[in-house]
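The transmembrane segment annotation in TrEMBL covers 6-27, 39-57, 77-98, 119-138, 171-192, 249-270, 290-309. According to TrEMBL, the feature domain 'G-protein coupled receptors family 1 profile' maps to 19-306.
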Amino acid sequence: GSSWVAAFLCFIILLTTMGNFLLILLIVTQRSLRNTSNYFLVSLFMSDLMVGLVVMPPAMLNQLYGRWVLQGDFCSLWYSFDVMCCSASILNLCVISLDRYLLIISPLKYKLRMTSCRALWLILATWTLAALASFLPIKMGWHELEFEVQALNVTSAGDDNQCRLLVSLPYALVASCLTFFLPSAAISFTYCRILLAARKQAVQVASLTSNVATATIANETMLQVPCALSPPVATSESRRFTNKHSKKALKASLTLGILLGMFFVAWLPFFVTNVTQAVCSCVPAGFFDVLTWLGYCNSTMNPIIYPLFMRDFKRAMGKFLPCCQHSGEPRPSAISLSMRNSNSGARAATSLKNVL
């Protein structure tokens, strides 16, 4: 049984490490991906990469051997990295939701509000808060730091010890609020606003589409007057831009919704159980370990969800992976083709008929 557990945990660690490293490499090397919004994605993937490199391997050894097999002093350092990396991943998701909110609510003012300098300051604040919630209280002993040193059974040797961090209720409440509950409330608020804005834009796109169809019919009936075609052409270009932006907004909100759904499924049981453990110390160790690994798997799912739902990442991956080239190619929609063919003179009706 332990061999299957070891194989599964090694697969999770390998998938987490390779997925996050690949996406960081794509953003750094591809010019099309180097923008302000993706700065926050690099920070998210970096925190998830550290979870796969620094946090998961000792946790796997802990799970397989049933005891802490590394040096005793490394236990507190490992727990500090555990809290910091997981907290940074959660806080990065909060900052990404804020960035998407600003991008969708006011796209024209986004570049003025979210500059590269402000993005870097937000990332620095995210990692600083994660470090203050982990290294500082654990090293200073502000959370009543104790490590549970217990024998696995009555006949086991005295050196068979486990590395478990016992925290007080005030620390559990403060750390959970700063790194999970408050960011979750902010994420939920921004996501609800994004959904409302996306629904409003979808209604606007529907009305603009009907106007485009009306303008196309009008152009076909007025081919004898060349000067009358110029205003609809400009209007079609602006509507095509609005349609493209609205589709990107809807896809971004869908991706964010899937990310947040995975986020709550992965981390909410752990933090509720963590506070419960600080209150009554009645949570079984095996059940707590399962919920901990469930939280780790959020770092595994993040680099999988983004390439599946974001076309820019599909295009970038298509340059490295031949199997992704077909999926990364954009497919023209019927609306864009009809607007493109609306300026083609007598072929407009035939082209529109073929598209439909």
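In case you wondered, yes, glycine gets a Cβ from its N, Cα and C as well.
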Short question: which residues 6 or more past the ends of the transmembrane segment (171-192) have a Cβ under 8 Å from it?
83, 86-87, 90-91, 93-94, 97-98, 100-101, 129-130, 133, 137, 142-144, 253, 256-257, 260, 263-264, 267-268, 271, 274-275, 277-278
Which residues, given as numbers and ranges, are at least 6 beyond the ends of the transmembrane segment (39-57) yet have a Cβ under 8 Å from it?
9, 12-13, 16-17, 20-21, 23-24, 27-28, 78, 81-82, 85-86, 88-89, 92-93, 95-96, 99, 116, 119-120, 122-123, 126-127, 130, 296, 299-300, 302-303, 306
Segment-level pLDDT (mean, integer) for the domain 'G-protein coupled receptors family 1 profile' (19-306):
79
